[in-house]
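Worksheet for the structure shown next.
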Amino acid sequence: GRVEMLLHGTWVRVLDDQWDVNDASVVCRQLQCGEAERAYNPLKSERGTGPVGLRRVQCAGKETRLTLCNISLPEAVPEGIAEDVGVVCSGSRRVRLVNRAGRCAGRVEIYYKGTWGTVCDNSWDLSDATVVCRQLGCGVAMEAPGSAHYGEGSGQIWLDEVNCSGGEAALWDCPAEAWGQHDCRHKEDAGVVCSEFTALRLEKSNGCSGRLQVFYNGTWGSVCSNSMTPDTMSLVCKELGCGDEGFIKTDLPYGRVSGSTWLDRVECGKMNSSFWQCPSAPWKLQSCDYQREETHITCSGRRPEATPTPVAECPNSTSCTEMEKIRAVGGEDGCSGRVEVWHRGSWGTVCDGSWDMKDAEVACRQLGCGPAVSALWKAAFGKGTGPIWLERVECRGTERSLWDCCTKPGDSGACQHKEDAAVNC
């Protein structure tokens, strides 16, 4: 950032039109921020507004603080120098996980030389993910997904061929290609899932009624009902977008629980804004033993049960071809647009997670529109409505239809319509 100095109790500006990396090295050393990576003059819009304290700083680069360099006070320097000075130190490198609820799972991004960038998934494995999880205080690595599992980033790809042993203090301490050197695209962005990643759900298809579960240490587990209060149930429903109130179900079976029961004695109050802020008993693999102790909640925002209706297999007839179960919406001729598929009696969209040219090739073949020209992301032809039927489509490119590809049903809630996939054929 912009360099300022505390002088006689006031923060003052440092101006210099010949600021270089020797000068920046002293600032980084004085701040205990590692080595200087860049010296720069901030843009006019980023200049300081306070009084000027120093001008014309000339450091050898070995000094321990700026005041030991050859400096000029403001009144001793001719007018005309109006450049604030800035530095980027190696200690300013940071890591984060994005594109997933919570800070302990997502796409790996590194802040370097003033900008966020991604990591390529070549050689990416659990040892590399372990270093990231440790850096973030997120426990141990559970998964090291690649292929832009958490969506494609943008801008720089900072690291490639990362090969950590697992014991390094930071990801940039691991062997890797030089910063910014890679042969990757953002469809290869690396991700991690750490043990401290947490998520919340009501285990049932409509998402607003069912057994209360939390995701922790790589698995879903139940929440026990001891000390369960209306405030806790209300907060769960609000956090899941299921209304303002929750009602607990009591007529539960007496059998033993199968699987994990992570939490008990969760006691949310009116001051808590998130379920994860609420006090509870310590996390345990088996917090309660019997099914009647598990929490089942029905939220006020739950959709009313509808009378089951026969599910139409095809949009227009009782039997149809695969070509009639797909359409491209928003383009000019039916061969470009948002990809929509017919399933369980209604049209729905496809999430763009892992969507690439191989998937587009199959979609265009299924549409009868010839070869694919481009695979498009981020609702390029507008957001759809209704269900998102497919969340991750991974085709080889030779399949007859998208349903023949390796796919993941789109009912996890991880995708939104702003991520609808599209094609140009």
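Using N, Cα and C of the backbone, Cβ positions are placed for all residues, glycine too.
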Inset, instruction - Tell me, from CYS208, CYS224, CYS351, CYS364, which cysteine TrEMBL puts in a disulphide with CYS288. - result: CYS224
Legend entry - Number of helical, extended and coil residues in the domain 'SRCR' (200-300), per DSSP: 16 helix, 33 strand, 52 coil
Legend entry - Proximal residue to CYS268 (disulfide bond) among disulfide-bonded residues CYS120, CYS164, CYS174, CYS351, CYS395 (C-alpha distance): CYS351
Legend entry - Residue among disulfide-bonded residues CYS59, CYS69, CYS278, CYS395 with Cα closest to the Cα of CYS224 (disulfide bond): CYS278
Legend entry - Number of helical, extended and coil residues in the domain 'SRCR' (326-425), per DSSP: 17 helix, 37 strand, 46 coil
Inset, instruction - Please work out the number of neighbouring Cβ atoms within 10 Å of the Cβ of CYS278 (disulfide bond), leaving out its own Cβ. - result: 18
Inset, instruction - Measuring Cα to Cα, tell me the gap between CYS89 (disulfide bond) and CYS59 (disulfide bond) in whole angstrom. - result: 16
Legend entry - Residues in the domain 'SRCR' (1-90) grouped by DSSP into helix, strand and remaining coil: 20 helix, 31 strand, 39 coil
